[in-house]
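Noted in TrEMBL for the protein shown:
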BINDING   GLY49, LEU50, ASP51, ALA52, ALA53, GLY54, LYS55, THR56, GLY95, ASN151, LYS152, GLN153, ASP154  GTP binding site
BINDING   THR56, THR73  Mg(2+) binding site
Amino acid sequence: MGNIFTNLFKGLFGKKVRTVKFELNKFLSFLIRIKLQFLLQEMRILMVGLDAAGKTTILYKLKLGEIVTTIPTIGFNVETVEYKNISFTVWDVGGQDKIRPLWRHYFQNTQGLIFVVDSNDRERVGEAREELMRMLAEDELRDAVLLVFANKQDLPNAMNAAEVTDKLGLHTLRNRNWYIQATCATSGDGLYEGLDWLSNQLKNRS
């Protein structure tokens, strides 16, 4: 007899109970998202570098956690990357020489600059230095912190972080918070260590 009433109750109310539970879960998820939005600090990041340095691969490794097939970026990619208590809006701008004069259009309100270097490209590291120094001289970037990703560390001929530091002349920078991180975009090695540094910089300013 007990089973009959149990089955009858489930038949009458089971679907409604499941629906209420589903709606409650949706509402709780919504509240969590709202709370996270208020807790997250926002940081506008501009990621630049010469063409083929690995910028887009880095962006989508951070965003999706996977490697994506990329083609040379002719405009820009923009994604929001949430990490710890920071919501990073990352602008990945194409690095081909004809596009570089357009970089300045993205400088406004930039809090952090990620400069990506192909550590294996010894022939163009001087060119990378020129572009970096040209940007850092811009008034709109005077307060931006600088994170350098010495990328492609998995390649056998890659310069290490100390060598890239020397080639870029980072030690000559004055009144600029900077940090260099050895990375491999395809494996993700070093990427989150760089974000850790950026998030700490933002905390120190708030």
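Cβ atoms are placed via backbone N, Cα and C, with glycine included.
Nobody curates TrEMBL annotations by hand; they come from automatic prediction.
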Item to complete: Filter the binding-site residues GLY49, ALA53, LYS55, LYS152, ASP154 down to those whose C-alpha lies within 10 angstroms of the C-alpha of THR73 (Mg(2+) binding site); answer none if the list is empty.
Response: LYS55
Worksheet item: Largest pairwise Cα distance, Å, within the listed GTP binders GLY49, LEU50, ASP51, ALA52, ALA53, GLY54, LYS55, THR56, GLY95, ASN151, LYS152, GLN153, ASP154?
Response: 22
Fill in: Local backbone state of GLY95 (GTP binding site), from DSSP in three classes
coil
Worksheet entry | Rounded Cα separation (Å) that holds between GLY95 (GTP binding site) and THR56 (Mg(2+) binding site) | 10
Practice prompt. Sorry to bug you, but what's the C-alpha spacing from THR56 (Mg(2+) binding site) to GLY49 (GTP binding site), rounded to the closest Å?
Written response: 11
Worksheet, complete the sentence: Close in space but at least six residues away in sequence, with Cβ under 8 Å from that of LYS55 (GTP binding site), the same-chain residues are MET47, VAL48, GLY49, THR73, ASP92, VAL93, GLY95, VAL116
Worksheet item: Taking the Cβ of GLY49 (GTP binding site) as the centre, how many other Cβ atoms fall within a 10 Å radius?
Response: 23
Response to the item:
Cβ proximity for ALA53 (GTP binding site), under 8 A, sequence spacing 6+, ordered by residue number, returns GLY95, VAL116, VAL117, ASP118, ASP121, ALA128, ASN151
Worksheet item: Reduced to three states, what secondary structure does DSSP give THR56 (Mg(2+) binding site)?
Response: helix
Discussion item. I'd like the number of other C-beta atoms within 10 A of the C-beta of LYS152 (GTP binding site), please.
Written reply: 24
